[in-house]
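Below: one structure, written as structure tokens.
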Amino acid sequence: MAQLCELRRGRALLALVASLLLSGAQVASRELDVHESCGVSKVVGKCRASIPRWWYNITDGSCQPFVYGGCEGNGNNYQSKEECLDKCAGVTENTTDDMARNRNGADSSVLSVPRKQSAEDLSAEIFNYEEYCVPKAVTGPCRAAFPRWYYDTEKNSCISFIYGGCRGNKNSYLSQEACMQHCSGKQMHPFLTPGLKAVILVGLFLMVLILLLGTSMVCLIRVVRRKQERALRTVWSTADDKEQLVKNTCVL
């Protein structure tokens with residue numbers, strides 16, 4: 001009888017553990033689905049089609065149109081605004097964190113939704129002025145039309161341009177305010193503009209060229225002098241020989 005009770009308790013315990021594991025797997029799957037479908041940013045893709053689609057902007061809590069290239073997208077890609085809202089309406093930046101806390105009672109290692117990059121975020125990283133603020137605007141090979149801003153070091157201001165959606169650089173900002181916050185007055189040392197760099201490079205090239213020409217002239221002068229010295233030695237040696245022959249003739 002005691003063995004039967006222990007067997008039943010063991011089965012009940014196994015059933016409870018299996019139920020908890022299944023519940024945890026379902027919650028984790030739901031978190032991942034919400035993150036991939038609503039939490040990530042839009043991806044235009046590398047292809048060059050122009051397909052109108054919708055994506056959920058978790059920061060604004062709204063569905064917004066974009067142009068999809070046709071390949072290598074992600075789950076945050078919907079054919080209509082209604083489909084986007086049905087899937088993601090009400091999802092916020094803290095949704096996945098709240099779900100993780102409810103499951104574990106504390107912060108978990110589930111991927112968090114990326115937030116907008118601010119000036120404080122960049123200051124916490126190793127800020128590379130020449131990487132984030134110096135390069136010229138790059139539209140890229142893709143054919144989307146995203147309004148962006150880049151920092152012009154020669155004008156010390158942010159200028160708007162159209163970003164194609166792929167293969168850009170880090171000097172590309174969503175707003176003029178973000179661009180100015182990141183780059184205006186942030187250089188940590190006297191900065192050389194591209195024009196000044198070109199002048200310096202040309203000057204260095206001319207200095208090296210003059211140095212090489214001067215060295216060549218010195219070597220040429222030395223060679224000429226050596227030849228002249230050898231020629232003079234040859235002349236004097238011939239005259240001495242003639243004089244010695246005359247003396248020998250007189251003696252005979």
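Please read every residue number as a count from 1 along the shown chain.
Using the three backbone atoms N, Cα and C, a Cβ is placed for every residue, glycine included.
The annotation disulfide bond is assigned in Swiss-Prot to Cys38-Cys88 (among others) on the grounds of sequence analysis. Secondary structure from DSSP puts Cys38 (disulfide bond) in a helix.
Annotation comment: Swiss-Prot describes Cys47-Cys71 (among others) as disulfide bond. Taken residue by residue with DSSP, Cys71 (disulfide bond) is part of neither helix nor strand, so it is coil.
Under the DSSP three-state reduction, Cys63 (disulfide bond) is assigned to strand. The C-beta environment of Cys63 (disulfide bond), restricted to residues of the same chain at least 6 apart in sequence and closer than 8 Å, consists of Trp54, Trp55, Tyr56, Asn57, Tyr78, Lys81, Cys84, Leu85, Cys88. Positions annotated as disulfide bond by Swiss-Prot: Cys63-Cys84 (among others).
Here the Cβ of Cys183 (disulfide bond) has 26 other Cβ atoms within 10 Å, regardless of which shown protein chain they belong to. Sequence annotations record features per position, and here Swiss-Prot assigns disulfide bond to Cys133-Cys183 (among others).
The number of other CB atoms found within 10 A of the CB of Cys166 (disulfide bond), across every protein chain shown, is 19. Annotated disulfide bond per Swiss-Prot: Cys142-Cys166 (among others), in sequence order.
Annotation source Swiss-Prot lists disulfide bond at Cys158-Cys179 (among others), citing sequence analysis. Sequence-distant neighbours of Cys179 (disulfide bond): residues of the same chain at least 6 apart with a C-beta under 8 Å from its C-beta are Trp149, Tyr150, Tyr151, Cys158, Tyr173.
Residues or ranges marked as domain 'BPTI/Kunitz inhibitor 1' by Swiss-Prot: 38-88.
For the domain 'BPTI/Kunitz inhibitor 2' (133-183), the DSSP counts in helix, strand and coil order read 8 helix, 15 strand, 28 coil. Among the features that Swiss-Prot reports, domain 'BPTI/Kunitz inhibitor 2' is placed at 133-183, with the record citing sequence analysis.
In the three-state DSSP scheme, Asn57 (N-linked glycosylation site) falls into the strand class. Positions annotated as N-linked glycosylation site by Swiss-Prot, on the basis of sequence analysis: Asn57 (among others).
Under the heading N-linked glycosylation site, Swiss-Prot lists Asn94 (among others), citing sequence analysis as support.
According to Swiss-Prot, the topological domain 'Extracellular' annotation covers 28-197.
Mean pLDDT for the topological domain 'Cytoplasmic' (219-252) in this predicted model: 69. Under the heading topological domain 'Cytoplasmic', Swiss-Prot lists 219-252.
What Swiss-Prot records for 198-218 is transmembrane segment.
Note on proximity: of the disulfide-bonded residues Cys47, Cys71, Cys133, the one nearest Cys38 (disulfide bond) is Cys71, by Cα distance.
When Cα-Cα distances from Cys133 (disulfide bond) are compared across the disulfide-bonded residues Cys47, Cys71, Cys142, Cys166, the shortest belongs to Cys166.
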